[in-house]
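One structure is given here, and the rest of the page talks about it.
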Amino acid sequence: MSSLSRELVFLILQFLEEEKFKESVHRLEKESGFFFNTKYFDEKVLAGEWDDVETYLSGFTKVDDNRYSMKIFFEIRKQKYLEALDRQEKAKAVEILVQDLRVFSTFNEELYKEITQLLTLQNFRENEQLSKYGDTKTARGIMLGELKKLIEANPLFRDKLMFPTLRSSRLRTLINQSLNWQHQLCKNPRPNPDIKTLFTDHTCTLPNGPLAPSAVNQPVTTLTKPAAYPSLGPHVPFPPGPAAANAGALASWMAAASGASAVQAAVVTPALMPQPQNQMSILKRPRTPPATPGIVDYQNPDHELMKRLRPAPSVEEVTYPAPRQQAPWSLEDLPTKAALALHQGSTVTSMEFYPMQNTLLLVGSATGEITLWELAARERLVSRPFKIWDMSNCSHQFQALIAKETPISVTRVAWSPDGNFIGVAFTKHLIQLYAFSGPNDLRQHTEIDAHVGAVNDLAFANPNRQLCVITCGDDKLIKVWDVSGRKHFTFEGHDAPVYSICPHYKENIQFIFSTAIDGKIKAWLYDNLGSRVDYDAPGKWCTRMLYSADGTRLFSCGTSKDGDSFLVEWNESEGSIKRTYKEFQKKLAGVVQFDTSKNHFLAVGEDGQIKFWDMNNINVLTSTDAEGGLPALPHLRFNKDGNLLAVTTADNGFKILANPAGFRSLRAMETPASETMRTPVDFKAVPGAPVASVNCKVERGSPVRHSQMLNGVDPSKSRIDDSTDKPKSWQLAEILDPSQCFQATLPDTAGSSTKVVQLLYTNSGAGILALGSNGIQRLWKWVPNEQNPSGKATATVVPQHWQPNSGLLMTNDVSGVNLENAAPCIALSKNDSYVMSAAGGKVSLFNMMTFKVMTTFMPPPPASTFLAFHPQDNNVIAIGMEDSTIHIYNVRVDEVKSKLKGHQKRITGLAFSTALNILVSSGADAQICFWSIDTWEKRKSVAIQMPAGKAANGDTRVQFHVDQLRILVVHETQLAVFDASKMECIRQWIPQDSLSAPISSAVYACNSQLIYTTFRDGNIGVFDADSLRLRCRISPSAYLPQGNQGLSPLVVAAHPQDPNQFAVGLNDGSVKMMEPTEGEGKWGMIPPSEAINSPSTTSNQTPEQLQR
């Protein structure tokens, strides 16, 4: 429901309350679910009207929504049960036990049995835990206090506990204002209008005639724009307030936490409308979770901690979450079959799959070496032997160890969540961080002398929205560092060497679990207040903790000193073991290793085999010995999709186990050339063709992955000799015929007399918006149906050329504009509700539902040439101008806040990076400027390097990579990739060979793995985004009608969720959509590493060479 509809409900509630329609008020509260009336709820609870209490609650939550809801319903039904027992109504008590309380037996059978046993007592107060139960009135009051705390901590009640501050009779006031406005529109207004009905618009009758025609639907040209325009508001839901942290989520683990120091302040996404009063008022309630995330104890911390950790069951201990709904699965989903075996050369001690690519594996070994493997190609891409980068930064103690030639091994390798960094921990003092942007670009970043003795574990986390690395070691400490090597926290408290760490966040609480070799588990917040937990792990020795992929379930696995292994699931809310998995062998020397997969499976390496469990079943599901050769306690690691499992072998190597999907991913680079010729796409050899190297495949229809494309591998590095399955040759994909890809021409576009100069997909992926050179915007929408259930844009289903019933067009103001010289520009709001555009005249804000102009601003001169919404505030827009300035404009107050000067010619591109906190601008002067978002001061200006003989003019466009660190620069003479943090060009491609025409447009695919590039001769190139190597060429003959000379694409747009779909706008006004065929699934084949030796399209020329 839209925000205005929500506000209307509040106005109706106020009206009903003022008119004393009491039952109607509470019924609307319940049915809308917008406002939970605590006063009404209190009255019903204290009166013991339990049916009314549960009926009212049902409008806001159900028993199994979350653990807070479950606890609320449990407390109510428990009180109802106890009161029946107190009245000696045993039959009623049995009815409540069977009908109301039985649902909780699923989650805690022991507790249900204990409650049942109360029936056998003459007075339930004989039970020790209920001995202090007083009279009914007192018990209800105590319970009500607990319910209030649970309701305030429950995220489902957030923003529903305070009624917005309204003036009395606000709905009547609005109606009166509407009537006054209608009266002003009357052609013959009477001095004392007679208002007889609200069912129709008001008009004044003529003295001797019929009613004057209503003017309400006619354009009102005399009304001025409101001073405080609620920008982008009428159809936009209120953005959620900052999520408040709930203590209950980790009550047992962190009961003594301090809300003030728990985690960073919330990042408040600026509202699209002025902040509603209820969101401001609710922050003032002392019991309501605060706007800044923190730990909020809804009970006394010490009492809560003791209650949670005591071993005896309690009537208050039912907070088990409801079972998660899992997708159907079968044993075939498990990677149990050996797919390949690779030789590392020394004992493998740690492995980790790249988070963005299923077949890239990082391996650490006992010699201190790390290796990056591309599994599909069986390639050892990069190896880095252990080496001290800077001895002067190491402690004297470490230098003394090195002088004794003490061997050093890798204890842990890890990827940062975004895949931009690799962390390596060693058995002596050090950790090393590498910056990673592809196998050919693994750079030394930071070396830290982190601990005295071994660094036993390493993990990445993002406290305070800053990437950090967390380490633990033999010195009994846990430390938190930023990636530059600066230490932020040191956590002391363990009495033994710390074995492992598990950083996590839940309900905006960021924390770290740690385990020591004495079996103690501790939990830490990012503060200096000490550990929140001191608890024993099963086995009381080396234990590792892991969360399921979705972060909702916590597991630990370890071994005792006697060699007994334990795998358990924890009940976080209680600080107790929920499930202990069975069928381990006894007395194995060493520590058992485990991993989780797809929120459903657990895998453990034990007794020379891999055992698998369903998370919901304590018995082994299946096991495999991977065709033999495994050590007694193998290390193992799943890839992100769970279709590959890396397992260490006893012969200094590792095996890859796969399920059917895993085998397909491994064959992605192995398909023989003879088989590739059977695909619908015609592959032709192109001498010296530019290539890409490593495929980050995203299946059609899969969720978009925030990822990077890997560039070419280094041919000089050692490789595995077994290459019989490798492709014998690689050929550039060339699409020459319409049958070789899916394509569609959007309806009502062919033969138009105007050019498509701007093209966008809607953010939902269900529509395309085109801006013509005449200033008119057109919208196409896909609707869900049997052929297209998702309702997303696709080339296989014809969309609707969408227009509102009014027949309005989205037409920009072009009065007095020379359209030949205009630079039309467009920007879409994040929620697809509004589009802002200009075509040489004023900037217009259009409602995407009605096509009505909501407001106009920034009249020329100078004309607007580029528009970009601020990523953190839709009310702030960066507007590039014809006179080379950039205006930072606030729509809400209709004011230019800053004017940026740094270019010499008109602005042609703008892009924001929230990661770097900068705005990047480009102009027709071939200059790129970097501006601080905080101060709007210019940081640097860079000229793009022009090829020899080319003039530095023409439009330059910029777009950030999804990592927000690299930026694509597009000019008719080149594609270039800049490192925005250093403001330096790192890669460049110049039109050449079959793609020698000037570039007309280019854009990243949604996952930034590909770059779609259009050329003025009609060719389209699909490039690998990291290496700028050509993967596929689409000829004009594949998508343009024959005989249309001079027809070419002017602009390209990429689908926001499907990385393999794009659209192009042509100079005849038509819009074409393109997708690879189902059989192919992607644009072009990934070349084997040998193809890297062919001439590259990436320009390695120096700036001086370019200018010669």
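Cβ coordinates come from backbone N, Cα and C, glycine included.
As written in Swiss-Prot, here are the features:
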- 716-725: compositional bias 'Basic and acidic residues' (COMPBIAS)
- 1091-1108: compositional bias 'Polar residues' (COMPBIAS)
- 4-36: domain 'LisH' (DOMAIN)
- 34-92: domain 'CTLH' (DOMAIN)
- SER214: phosphoserine (MOD_RES)
- 706-725: region 'Disordered' (REGION)
- 1084-1108: region 'Disordered' (REGION)
- 343-383: repeat 'WD 1' (REPEAT)
- 405-444: repeat 'WD 2' (REPEAT)
- 450-491: repeat 'WD 3' (REPEAT)
- 493-534: repeat 'WD 4' (REPEAT)
- 583-623: repeat 'WD 5' (REPEAT)
- 628-667: repeat 'WD 6' (REPEAT)
- 751-790: repeat 'WD 7' (REPEAT)
- 818-856: repeat 'WD 8' (REPEAT)
- 859-899: repeat 'WD 9' (REPEAT)
- 902-941: repeat 'WD 10' (REPEAT)
- 994-1033: repeat 'WD 11' (REPEAT)
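Over the repeat 'WD 8' (818-856), the average per-residue pLDDT in this prediction is 89.
With helix defined as DSSP H, G or I and strand as E or B, the repeat 'WD 3' (450-491) counts 3 helix, 23 strand, 16 coil. When DSSP labels each residue, the repeat 'WD 4' (493-534) comes out as 0 helix, 23 strand, 19 coil, counted as helix, strand and coil in that order.
Taken through DSSP, the repeat 'WD 2' (405-444) splits into 0 helix, 22 strand, 18 coil.
Helix, strand and coil residue tallies for the repeat 'WD 1' (343-383), in that order: 0 helix, 23 strand, 18 coil [DSSP]. The domain 'LisH' (4-36): residue composition by secondary structure is 26 helix, 0 strand, 7 coil, according to DSSP. Counted with DSSP, the repeat 'WD 5' (583-623) comes out as 0 helix, 21 strand, 20 coil.
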